[in-house]
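As annotated by TrEMBL, region 'Disordered' applies to 29-59. Positions annotated as compositional bias 'Basic and acidic residues' by TrEMBL: 45-54. Summarising the annotation, TrEMBL assigns active site, nucleophile to 137. Look at TrEMBL and you will find 192 tagged as substrate binding site. Annotated domain 'Pseudouridine synthase I TruA alpha/beta' per TrEMBL: 227-333, in sequence order.
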């Protein structure tokens, strides 16, 4: 039989154990409830933390990550393009001139529209290292000119740009080039063509008309006179402002070819093709070379006039109309030899676009020149 004292102690101990057990159960339930509430809060609203300035921001765990657009690194490229110069004030762009529209205005604005360059680069073209291979004046066309610049290499860039251009301007392709490439300075030679009616060579004693047909003898004379330009000569008399002693007046002509005549709209035409190492701009754009050929063949100037023009004495040579002048081709032989097959770059021959280039020439440029010549009758001239 237990004593009263021992019985009381056991009762007290039992009460304490029961109380502690109850407290532990309540604590466990409370913790579970708080955890569930916390989970519910995480599902409904991102957790917040404060910086020292009391600005609430989302914690990194609660941020929603959106995919960022991939910015294409700009690459140094060259762009081949052709154009009919009718209606434009030449090729070169002046970003500040909003009145006189040029070919480059159309081209650069098309680049901006397709996100190949930003507007800031269009406003300041030096930011994209823009350089044209050959500048052409008002009314002069190009079968295949070229510019070099830095732009984003977008997929299907040629088609995207052409969708933004008028039909008389076409982009033929784009190729990545070496960082040192300069479309003007890297060019070894340029080929120009003159499209003109054969009645331009009509002897001065005959009446000039559209019914004139060049004879085999006169055509051969045109070829013989043209050949006197071949080689290296001092062309100071074919320019304005250059002296005989100026080294830059000396230029080299690789080839001159006179095509067999062909008929268009009952008028006979021919094409003279000239390839030179480097042309003085005014020498080409004012057609001094062609003018002297015509003058000699017609009997206005003596046969030795070309050779005299290479000498120091000053000779006045009139200008020929710019209508039939076309930049036909650019030659990058040295660049192609060094970089064309290095595994990173391609030759700048544009053989893959030759069909499009030829079609553009025959359907856009040549018909315009012929139609304009028949309407305006710019040959012969004084």
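Cβ atoms are placed via backbone N, Cα and C, with glycine included.
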Integer Cα-Cα distance in angstrom, the residue listed as 'substrate binding site' to residue 137 (active site, nucleophile): 14
Mean predicted confidence [pLDDT] for the domain 'Pseudouridine synthase I TruA alpha/beta' (227-333): 90
Residue distribution over DSSP helix, strand and coil in the domain 'Pseudouridine synthase I TruA alpha/beta' (227-333): 31 helix, 33 strand, 43 coil
Coarse DSSP state, helix versus strand versus coil, of residue 192 (substrate binding site): strand
